[in-house]
Every structure is written in C-alpha cells, then in structure tokens.
Amino acid sequence: MHILGRTPSQALTYRIVSGQGAVDSTFLDESRQEKIKLLLFKARSTFSLFNCDFRKVKMSAFIGDMTPEAGNETQTDESGPDQENIITETQEDSASSSQQTNESLRPNLRHRMLQKTGLSEPQPKDDTIEYPADDEYGLFEQGRDYEPVYVTHKYTKEEQRTLSSFESVDYLPPHSEIYKQWLKNQGPLGYNLGRWVIMGLIGFFVGMIGFLLHDLIEEIAHLKWHLTRQFIDDNDFALACVVAIAYSLVFIIFSSFIVVFLRPSAAGSGIPEVTGFLNGTMVRHIFNVKTLAVKFFSCVAAVGCGLPVGPEGPMIHMGALVGAGVSQFQSETLRINLPIFERFRTSEDRRNFISAGAAAGVASAFGSPVGGLLFSMEEVSSFWTTTLSWQIFFCCMISTFTTDLFNSAFAGFKFTGAFGQFKTTRYILFNIERGIDVNILMFIPTIIIGLIGGLLGAVFTILHLKMTRGRKRFLANIKSEWLQKLLRIFEPAVIIIIVTILSVYLPQAFGCTKFTCIEGVSGDVSVNCMNDTRNPLHVESTVETYTCKKGIITGSTNTTIYTNSTYNEMATLMFGTLENAVKRLFSRDTHLQFGFGSLLTMLVIYFLLICWATGTSVASGALVPMLLVGGLYGRAVGLLMTYMFGVHSEDFGYWAWMDPGVFSLIGAASFFGGVTRLALAVTVIMMELTNDVQILLPVMVSVMVAKWVGDFFTHPIYHALLELKCIPLLDPEPRVRIDKQQLNLDLYKAGDIMSSPVITVQTRESVSVLSTLILNTTHGGFPVISKNTDGSESFFGIITRMEVIVLLKNDALFKPENDSEESLEEDGGPSWVEYNQKDLPSFKELLNVHKLTDPHDTSVMLHKYASDPRYSSLYIDLKMFANQSALSIPEKFSLQRTYIIFRTLGLRHLTVVDCRNSVKGVITRKDLMGFYMEERLEEKMKRRPTLELDDLQNRGTDSANHVV
C-alpha cells in the first residue's frame with residue numbers, strides 16, 4: 001500500500017490504497033503541499049506504534065495539534081487493524097481551503113527542526129537514568145528477567161517506543177547507478193590486498209592497546225597492595241585500610257567521573273552495543289574516538305584499583321572501536337579525513353572490520369586468537385563468510401603476536417632484556433604446567449559442576465538484571481540531574497570501600513594454615529612440610545602470610561624441606577588482582593592449599609559484588625570475574641572429592657585426575673558458559689588460556705550442560721542486556737509462542753506482519769514533496785515507484801531518508817517538470833551518472849553521511865522548500881540514486897523464509913508487492929521482533945474465521961468473473 005503518487009500531468013494524485021479498494025483525489029498545483037500535509041495528518045491512525053525510524057509512524061508526533069478544516073473531507077473511523085482512513089476531496093474544496101490550510105501549517109513547520117540523525121525526534125538518551133513508568137510486571141514475571149530461551153521478551157509500551165527510536169542500517173551498500181559508477185572508478189587493483197593490510201593494522205593497534213592496558217593495571221594494583229602490606233606487616237590495620245581506600249578512591253572516582261560527564265556510552269563492557277550494531281541497529285557514540293579514550297582510562301583505573309570487574313569486555317569494545325576508526329582513516333572528532341583506502345568506506349566493509357576488531361580484542365585480552373575468531377562469529381557478528389573468517393583469523397594472529405611480544409619483553413614497562421623471546425608465564429594468562437589423564441569417572445563431578453554452572457549462571461543473570469532495573473528506577477525518580485550524576489559517580493566508590501575493608505579485615509576471621517606435603521611417593525599428608533621431591537603435592541611459595549608467622553626452614557633431608565611457616569587462605573585469594581586469584585585456584589598439586597571456608601566465603605561475597613559492580617558507571621567487564629566465581633565452586637567440588645577419596649597427587653595413576661585445580665578450571669568454564677551460553681568460544685578460550693588441552697572433553701561437557709540448564713531459566717546475558725536497553729536484535733532463528741505453543745512460521749505469510757499503507761515516492765518527485773516528507777515523517781526510507789506504459793505503478797527500488805536529505809542539499813539536481821528525463825539504459829548512450837557528473841553528489845558524499853553536521857540550517861532549508869510554491873514545480877530524478885537491488889517479496893511469501901532472508905542479508909527494509917509488482921507493504925526490523933509478531937499473529941488467529949470467509953467470497957467472485 002502507498003500514499004503519495006504523481007501523474008505525469010500538472011496535477012498531483014494522492015492515493016491511500018487499502019485491502020478493500022482505493023480512492024483517488026486530484027489537487028490543484030497551488031495547494032498540493034498543504035494537501036500532502038493534510039493527508040499525512042489524517043493517515044496517522046493507520047500506522048502502528050512501533051515505527052519511528054523504519055516505516056510506520058505516529059503521525060501526531062510530526063504534525064502536532066493541527067486540525068483540518070471541517071467539511072473538506074470524509075473519513076471512516078478506524079475500528080480495526082485492517083481498516084484504513086480513506087480521504088476524499090474535490091478540486092474546488094482544495095482550492096478554497098488552500099490558503100487557510102497553509103496558514104495553519106506554517107507555525108508547525110517552523111518548529112519542526114531536525115536532529116543530527118536527520119529525524120525530528122531525538123535518539124535514545126543515556127539509558128542508565130531512563131526507566132519506563134509503565135513497568136508493572138511482577139518480580140518473577142516470565143518474559144522479563146526470568147525468561148527461558150524459547151520465551152519472547154515482554155516490553156512495556158514505553159519500552160516499545162524506545163525500541164522504535166533506534167535507527168537501522170543495511171549491511172550491503174545501496175546498489176544505485178552512482179554506486180556502480182563509483183565502483184568503476186575504484187578499479188580492481190589491490191582491492192583484496194587492501195583488506196589484508198587494514199586487517200593487519202587493526203590487529204597491531206588492538207594488540208598495543210591490550211599491552212598498555214594490561215601493564216597499567218598491573219602497575220596500579222601492585223602499588224596499592226605494596227603500600228597496604230607494609231602497614232599490615234606493622235599490624236596497623238586501620239592505617240592500612242585508610243591508605244588502601246584513599247588510593248582506590250582516587251582512581252575509582254576518576255574512572256566514573258570521566259564516564260558520567262564525558263561519555264556515558266563508555267560504561268559497562270560495550271559488548272551488547274557492539275552486538276546490536278553488527279546486527280543492524282545504530283547505537284549512539286559507541287564508535288567514537290572520545291569513547292575509546294574514556295573507555296581505556298576508565299577501565300585501567302577501575303580494574304587497577306581493585307573493583308571486582310575485568311578488562312576483557314572493554315577490550316572487545318575498544319577492539320571494535322579501532323576496527324571502526326582505522327579502517328576508515330577518518331574521524332569527525334579529530335577532524336581527520338585521509339584519502340586512503342576510501343573504497344572500504346561502505347557499510348559492509350565497515351561492519352566487517354568492526355567484527356575483526358572485536359575478535360582481535362578477545363585475542364589480545366586472553367591471548368586466544370582462535371577463541372577471538374569464534375567469539376566474534378558466535379556472539380558478536382551477525383554476518384559471516386569463509387573469506388571473512390580467514391581475514392579475521394589473520395587480524396587475531398597479529399593482535400596476539402603484538403601483545404605477547406611486548407608482554408614478554410616488558411614487565412611493568414621495564415625492559416627484561418629479551419626482546420623477541422615469548423615467555424610462557426607472560427603470554428599464557430593461566431598457564432598450567434602439568435596436565436592429567438582424563439578418567440571416565442571424572443565426568444560424574446563434571447556434570448554436577450555443569451549443573452551448578454547453569455543454575456548459578458541463570459541466578460547471576462537475573463540478579464544482575466534486577467540490580468540494573470533497580471538502579472535505573474531509583475535514578476529516574478531523582479529530578480536533579482546533578483544529583484543523579486553524583487550518585488552514579490559515588491556508587492562504584494561505595495563498592496570499592498566495601499571491597500577494601502573486606503580485603504583488609506576479613507582475613508582476620510580465618511586462622512593461619514600450615515604448609516603441607518606428602519613424604520614419599522605416596523602416604524599420608526604431613527604438616528610443616530614445605531616440599532618433597534618424591535611427590536608433587538605442595539603449597540605455593542607465593543601465598544600471603546598476612547599476620548601469620550613467616551617462620552623459617554626447620555630442617556631438610558635429601559628429598560624433604562620442613563618449615564614452621566604459616567599463611568592466610570583468605571588473604572591469598574583477596575590480595576592482588578582477580579587474575580592472581582584465578583591463577584591460584586587453577587594451580588595443580590595444591591590439593592589442600594584452600595579449605596571450604598575460604599572458598600565458599602569468597603564465592604558468596606564476590607558473586608554479589610560482581611553482580612553489583614558490573615552495572616555501575618565505569619568501563620568494566622565480567623569475563624575474568626566469571627572465571628573467578630566458577631573457579632571457586634569448581635575447586636570446592638574438587639576439594640570435596642579429595643576429602644571423600646583421599647589425596648591422590650601421584651604423577652600417574654588411576655586416581656590422579658582427582659585434583660581440585662582441574663575441577664576449578666572446569667568450574668570456571670561452566671560458569672562462563674552458563675552466563676554467556678557460548679559453547680565453541682568458551683571451550684577454545686579456556687584451552688588457550690591455560691595451555692591444558694588434556695582437559696578438553698570435560699570442559700566441553702561442563703559448558704554444554706551449563707548452557708542447557710541456563711537456557712531453561714534466562715536468555716544469555718548479553719542478549720538480556722540488549723532487551724533491557726531496548727536495542728532491537730534479530731536472533732538467528734525466530735521464536736514465536738502463542739498459548740505456550742511454538743508457531744511454525746512457514747504456515748504464515750509475509751502479509752500477516754507487514755506494515756501498510758506505505759508512503760512511496762515517484763522516480764521523479766518534486767522538491768516540495770520530498771521536503772514535506774522529511775519534515776513530517778520519521779521513516780528511514782521510502783519505496784520508489786515507476787510508471788509503466790499502461791499507466792500502472794510498479795516497485796523500482798528504495799531510497800533512504802538521509803540520501804533524500806543529501807539530494808535536497810544539492811540544488812543543482814532540481815529540474816523543471818517539463819525537462820525530459822535522461823535514460824538509464826547502458827546501451828542507449830551515456831547513462832545519467834555519466835551525464836553532467838559535476839552536478840551530482842558522489843557516492844562517497846551520499847553514503848558516508850550518517851548524521852547532519854548542520855541540522856538547523858538543513859531544517860531551515862527544508863522548511864523553505866516545503867512552503868515556497870516555486871519548489872512545487874522543481875523535481876529531482878531519483879532513478880540514479882535509488883537502490884535498484886532492494887529486495888521485494890510477494891504478499892503470500894512464507895514468514896519463516898522472510899525472517900531468514902531479512903536477517904541473513906542484513907536488510908533495513910523489505911518491500912512486499914502483489915502479482916503486478918505494486919507496493920502493498922513494507923517489513924522492517926521491528927516487524928520481525930518476536931513480541932510484535934506474536935501480537936500480530938495472535939490477532940490474526942482471533943480473526944481467522946472472518947478471514948477465511950472473506951477468502952472464500954473472493955474466490956467465488958474470481959470464479960464468476962473468470963472467462964474460459
């Protein structure tokens with residue numbers, strides 16, 4: 001269906017076509033603009049709620065409280081989704097009311113100012129302080145935070161409006177005439193080579209950022225605990241606590257301050273936002289050099305001072321930022337625009353480079369090139385090819401190489417004197433020096449650990465979402481913006497104070513533990529025994545003594561060393577960074593180094609603190625904290641096995657697999673998988689993190705069990721955060737359930753969920769019509785229709801909103817109506833693109849405009865075009881600018897296959913046509929959201945008897961009219 005058509009004559013024809021018929025009205029030239037606005041106003045009730053950017057609009061938001069002249073039109077009330085408003089007006093009525101309507105519209109037009117996005121409505125603001133006032137769902141309402149993976153998320157009406165305010169982007173660039181000419185000008189030489197060069201540059205820069213981030217965090221943390229230990233050794237706990245808190249507060253306040261005041265979008269890990277963008281949704285400020293700077297320094301300060309968060313999530317976002325910036329060789333913030341590799345400034349290439357950057361971020365953070373590739377493929381990216389796999393693999397390789405090279409050569413920014421020597425202790429984060437042989441009995445506790453990982457992963461996700469919603473609700477109720485910002489700044493400060501106090505004082509609640517070992521190849525455990533060369537059981541020499549007796553070596557034999565030293569288990573886990581704690585949990589042949597008390601206490605405290613801290617206004621991730629939580633309960637299960645069946649620390653033997661360090665690694669993998677629901681990436685990352693490929697099968701089993709259990713309770717955490725932030729995401733497969741039954745979408749057609757009527761434009765449209773559409777609608781694009789020789793209209797292509805604005809800013813394109821239209825035929829002389837190219841905006845100019853630099857001036861210009869009668873007779877030929885490869889499908893096309901086509905090709909608009917190729921409707925991203933399809937299909941199912949009767953009647957009519 002469409003609104004706004006044009007006849008070749010001087011008059012303009014406007015049509016609203018419904019399923020039941022069409023009514024045409026012809027208006028005089030001098031009043032055409034006022035009638036367009038009147039039609040837009042009257043058509044507002046035919047559009048659904050969810051259509052800000054895409055195709056369907058709430059017209060009252062654009063026209064305001066304009067009241068049309070009574071008696072000038074007839075209108076049927078809307079009583080159902082299939083009934084449309086039909087407007088008729090005679091030429092005489094139009095002429096008589098022209099002046100009055102024009103006067104009533106101009107005040108509204110003067111106040112319709114565009115934003116930088118080209119829309120008259122602002123984009124979503126900082127979501128941290130936005131909370132829907134109509135959220136009346138219960139605490140454990142299914143479909144909100146507690147939502148099995150097969151249940152569609154429920155949105156409130158206000159959340160649906162926020163969802164609608166996000167713009168969508170096409171994966172492929174528009175295939176227009178100027179695009180084809182631009183491709184010809186680029187030439188074939190060096191195209192693929194250029195991609196590999198850019199991939200290498202992205203990998204190098206991401207690797208350098210990873211090196212700097214890691215070493216800065218180590219230096220800040222080392223200085224903090226060095227100062228704290230000095231006062232603890234003197235038994236001055238109060239001063240130790242004050243110094244540690246003061247030191248931490250300086251960094252944490254700096255970390256949150258720059259996020260809150262400079263770039264709120266730098267908060268959190270950034271993984272949900274990157275995932276949303278690569279799925280086809282525009283998210284504000286996530287790929288800006290200012291965001292990169294704030295993200296880097298905020299992450300360094302927050303992780304270094306001891307907040308229970310990790311740097312790996314921000315590394316993924318920063319990698320994506322590097323991919324977005326380096327590949328384009330331009331920056332609006334820095335005012336840089338280098339004429340290098342301009343051929344890669346298309347939506348497809350930019351998105352591919354961002355996928356590579358995100359993968360390189362994982363590779364640098366974990367030292368896991370293959371894991372980075374799989375993480376990008378499994379979680380972040382929505383579009384993948386074999387060629388892209390090789391290019392991203394190369395990017396990850398360069399990133400890991402760069403980080404490992406500099407990490408091995410420098411320790412705390414001090415040169416170690418061995419540049420080029422890759423040291424295992426420096427480039428493998430949690431290196432396991434001794435593996436074990438897997439036993440079939442090992443899979444019993446492995447499955448139990450997987451169950452625990454799935455349950456705790458679901459609890460973690462739900463609790464994190466509840467805390468985030470509570471924070472948003474609390475901040476939304478505060479009217480003072482400054483007070484909101486202060487609270488957001490000091491929230492992480494409260495957490496760091498709690499963490500520091502617990503770190504300094506909590507170890508006092510735990511006694512001192514003696515060193516243990518086994519004297520001989522086997523036997524009972526001996527205390528005050530530091531080491532025996534005949535048995536690998538030991539206690540690490542790097543444990544924290546805290547206030548315990550440091551002791552001395554009391555004796556030794558040829559094989560055994562004895563000591564009266566003691567250590568504190570809780571201080572060993574809490575002092576230093578989270579990475580140090582994970583390394584100690586993964587350590588092998590340290591069966592009795594930690595007891596149940598310290599492990600379970602640490603588990604409860606950090607489980608809650610990590611849930612809380614990862615939602616605050618600092619750049620933070622939760623990947624290493626996830627490994628800590630999983631490692632704690634995994635080691636507790638391993639310790640239980642040791643208590644039940646004894647210590648078996650021999651190098652080889654049937655029971656050698658019973659090592660708490662082994663189960664700690666399996667537990668870390670299970671919790672990682674239970675929260676993220678990633679199977680391939682988590683398994684490979686754990687192998688590359690620990691260099692322990694022998695444990696591969698148990699890790700795979702625990703991850704799969706955790707995923708199955710977690711899917712029963714919640715969505716994956718990054719998808720749940722996308723739903724919380726109201727960022728539209730299309731899952732790989734559609735899930736639509738009505739009355740607790742999964743629907744087979746092959747039984748439904750595209751026409752069941754399409755949006756109609758549709759505003760279309762002619763291949764040659766007047767400047768005033770286009771200006772009015774931009775000012776009075778928020779559609780992201782318009783189907784372009786052409787006239788056939790028999791007078792019928794057919795679908796020609798799609799032109800986006802921003803492209804129309806760019807064209808309107810080039811007045812050299814304006815031609816009088818009686819100018820002959822140039823031919824587009826390749827074999828009929830020069831194409832339109834080759835004709836007078838100096839007057840045309842280039843493809844680079846047309847496609848690289850993502851936001852307006854002068855929205856006020858553009859608005860004034862459009863108002864001038866819409867109100868000045870001179871521009872009613874000036875036209876723009878859209879043939880060479882429209883996307884001629886825009887897909888269209890018949891109205892009866894399978895809904896399941898419609899979803900697959902839309903998501904696989906990364907579309908923004910999918911036009912629905914009838915058998916004559918006339919536009920009937922448009923499908924956009926929000927039409928394919930699960931909740932919206934459920935509403936539309938449920939409504940259709942309720943009306944099924946009536947629809948079937950109408951179908952039978954139509955068939956009967958067709959049969960009666962059929963001539964044999």
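Glycine is treated like the rest: Cβ placed from N, Cα and C.
Curation does not apply to TrEMBL; its annotations are automatic.
Not measured: the values here are computed from a predicted model.
Lifted from TrEMBL, the feature list:
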type: DOMAIN; residues: 754-820; note: domain 'CBS'
type: DOMAIN; residues: 882-939; note: domain 'CBS'
type: TRANSMEM; residues: 196-217; note: transmembrane segment
type: TRANSMEM; residues: 237-262; note: transmembrane segment
type: TRANSMEM; residues: 353-375; note: transmembrane segment
type: TRANSMEM; residues: 440-465; note: transmembrane segment
type: TRANSMEM; residues: 486-506; note: transmembrane segment
type: TRANSMEM; residues: 594-615; note: transmembrane segment
type: TRANSMEM; residues: 622-645; note: transmembrane segment
type: TRANSMEM; residues: 665-686; note: transmembrane segment
type: TRANSMEM; residues: 693-710; note: transmembrane segment
Sequence-remote contacts (6 or more beyond its ends) of the transmembrane segment (196-217), Cβ cut-off under 8 Å?
-> 296, 299-300, 303-304, 311, 315, 318-319, 322-323, 326-327, 341, 344, 353, 356-357, 360-361, 363-365, 391-392, 394-403, 406-407, 410, 412-413, 577
Give residue numbers and ranges for long-range contacts of the transmembrane segment (486-506): same chain, 6 or more residues beyond its ends, CB-CB under 8 A.
-> 128-129, 228, 232, 237, 240-241, 244-245, 248-249, 252-253, 255-257, 260, 302, 305-308, 471, 475, 478, 570, 574-575, 601, 605, 609, 612-613, 616-618
DSSP composition of the domain 'CBS' (882-939), residue counts helix/strand/coil, works out to 25 helix, 16 strand, 17 coil
The DSSP breakdown of the domain 'CBS' (754-820) into helix, strand and coil residues is 21 helix, 24 strand, 22 coil
